[in-house]
């Protein structure tokens, strides 16, 4: 029997040992990856029902914000379609409290709307043309977000703390967006969320150490539509609005009933209720109006007074798209595509009663008290209202703006006794509303719009957004909308129709192509050097093997060299072509574009649905998809935006 020398056995032994260690590290590495996700784990590779054409680049999934109580927030992020002069990210929040931002994603500003339970169509006027859009279900327990039972949060500062934690972790996953201009937008009870989050971000930036200055967040503005912001003025506006819109007639029994409820509301406000977000007696004013407008089993729609709905829903079955969203978001293939964690044990609901009933905000002051400080810090704010919304009506918004004091003046006062004028706004030849602005605050009234302005007027809302962001397509390209303020066009904005390219985008593609060829050229030089070295080494082995053809040299040490090499590189290619690396390549493109984009920071021109229902899951199901409203009690047994 032929013996094998130690010299010939050792390399084989080393190879086997190395293989074992690689196997062990592979197992350990996979377990680490399973615990700590990266951006590719969130990449949405397909979306059931998507329209024909290339899929928009998007990511979705959960981020943990409360380890102790298993609190996770769900997000859905869409990358901007086109390149503007700088990168911008808009974070959208719906209200409630406890109502999902998937309302905003699929009924308002997102790139898609549902034609039926399984078919998506493009949303003309979506907000993702020149800005990245990030939709977040929050607080914990809302929509696709989740938390352990009995661990729901109660106050606005808790909510803001969770959101800052979310952003810290989200930017770790997607660092290419951390230095974007950051905007927050939302509606209804988000009028409480957004100012609290903005203040938390400003406080975070102030407390950031010198060493971490590169991680300051560029908060650039807030947009709040039909927001629940200042309860004192907004509660009292119910009666005024009801008379103005002829929902009730003076002197009638119906009017007297509403006036009695209004008087009780004033008494509660005068008895310490002015610093609270909720006042039970005042919520009865809204309920009274809904009840007295009841006729033949129907009442006015509190979100759009031009419509009527079954009593006691009174608008909670609206908008019509809602009937498609719940079945779509409960489909297994959609849940899988959006990376919804298995820990989310219940199906998606528009509004979650348990979140609403727990989020009482008893110790939180109304967000209107935060606005002056935010405005004075240099953060512009746009408040916009749909004229046909009752629940957060424009009269209440206009009244609290008039009473609010900031930057040395009250309301839209330009100087003592001189008020900023209202500027008429027309869009494509139609009267669209008006603008009014002073000292960093802009107010926009949308004529003939409901509580959900972007649902009614997507392109007009996008025009408002582009003005606020300072997007001017003069140097970008595209077909501008005919949007005029007091007859003047001003900055050109491009809305709707999702153009395939813009002039600026073509320029950036040419730059990227040149950069790509430069990279290929460099990599070619490196490859030549590597090939030369490899050839020299290979030649050395051939020469050596010929000299030692009769011995037990290196050929005996690596008897399966060719097979090992082939197998190794084949496996490497397979891994490189995996989904994760495809996503990595996609992210490379985005980051390259970021470096090629202009950095012009020149300033541009000025630019609740609440859950009304019980705590139980059964009650949520009983009343169907609830809607945002800031009324967690004393309302018809259902809920709303």
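Placement of Cβ uses the backbone N, Cα and C atoms for every residue, glycine included.
According to Swiss-Prot, the signal peptide annotation covers 1-34, on the basis of sequence analysis. According to Swiss-Prot, the N-linked glycosylation site annotation covers 207, 440, 448, 500. Among the features that Swiss-Prot reports, transmembrane segment is placed at 523-543. If you look up Swiss-Prot, you'll see 594-604 marked as compositional bias 'Basic and acidic residues'.
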How long is the line from the C-alpha of residue 440 (N-linked glycosylation site) to the C-alpha of residue 448 (N-linked glycosylation site), rounded to the nearest angstrom?
26
If you count other C-beta atoms within 10 angstroms, which of the glycosylation sites 207, 440, 448 is the most crowded?
440
Cα separation, residue 207 (N-linked glycosylation site) to residue 448 (N-linked glycosylation site) (Å, whole number):
44
Reduced DSSP state (H/G/I helix, E/B strand, rest coil) at residue 448 (N-linked glycosylation site) is coil
